[in-house]
Amino acid sequence: MDLVDERLRLMHVHAHPDDESSKGAASTAKYVAEGVDVHVATCTGGERGSILNPGFEHPGIVENPELITEIRREEMDRAREILGVTQDWLGFVDSGWPDGDPKPPLPEGCFALVPIEEAAAPLVRLIRSFRPHVMTTYDENGGYPHPDHIKCHEISVYAFEAAADPERYPELGEPWQVKKLYYHFGFSRARTEAIDAAMKKHGLESPYAERLARSFDPEREKRVTTRVECADYFDIRDAALIAHATQIDPNGFWFAVPREIEKEAWPTEDYELVKSFVDSPLPEDDLFAGLR
Ligand SMILES: [Zn+2]
């Protein structure tokens, strides 16, 4: 493969604005610093997100809750700049978190209800124009089971295949084979335990007691193939997260562990390699292993 004159390209597919800053953002910043061209595809506008930061204030938001869409676009503008990425909106409408037992039906026209062929089309087009060497998305459970995260997984896997197939979506550009597909692996038990232990070692209260009391699937842990060292970029990740001011409380859970402790206990972001067209022995420490 001749990549000598070509910049490496990485595409992250995310469900909502803020997901690009809470999942894999430090590895994004690292790759950007190395000269990789990183593009984020954001499936929905986050229209049904609630304001999760008690300190968030914005004139008019109480009277006009629909302002959230515009505000989240501005937040994404800032995060994009901080991370140094380019980004496209795929143009779907947030499905919202179905709260209640039984869960209420999903709102008409939302992303999760769009048929897969239609939902994957803008991503196929984007893959064929950006031509990423590596793509990331969520696992089959969405990382966490928000309907938009599960749909994001579905369209990513579907578009990964379809973009390479000249028979499918011929009107959406020249076929492109992405060489590697990864799933994000955020809160593994191993990571949670390591940070929990480091907090206690430093005489601090761990925020993970409740999380560790829950059951973890031991099989899921074994799926990590790739750990990208990126502790030097945690600061950039944090700044990008804070840019999503409606969603992120700077005094909340995301920031409950001092960065020095996180760096010491778990200096990587972790991924599962699920499809590959290159030779790269596992485990890996680089999403571009086999491509450089
Ligand atoms: Zn999300």
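The backbone N, Cα and C atoms fix where each Cβ goes, and this holds for glycine too.
The Zn(2+) binding site annotation in TrEMBL covers HIS16, ASP19, HIS149.
Contacts of HIS16 (Zn(2+) binding site) defined by a Cβ separation under 8 A and a same-chain sequence distance of 6+ are given as THR42, CYS43, THR44, GLY46, GLY49, ASP94, ASP148, in order along the sequence. In sequence order, ALA15, ASP19, TYR138, GLY142, GLY143 are the residues of the chain that are 6 or more apart from HIS149 (Zn(2+) binding site) and have a CB within less than 8 Å of its CB. Counted within 10 Å of its Cβ, the other Cβ atoms near ASP19 (Zn(2+) binding site) come to 27, all protein chains included.
Excluding the listed site residues HIS16, ASP19, HIS149, the same chain places HIS14, ALA15, ASP18, LYS23, CYS43, THR44, TYR138, HIS146, ASP148, CYS152 with Cβ atoms within 8 Å of the centre of the Zn(2+) site Cβ atoms.
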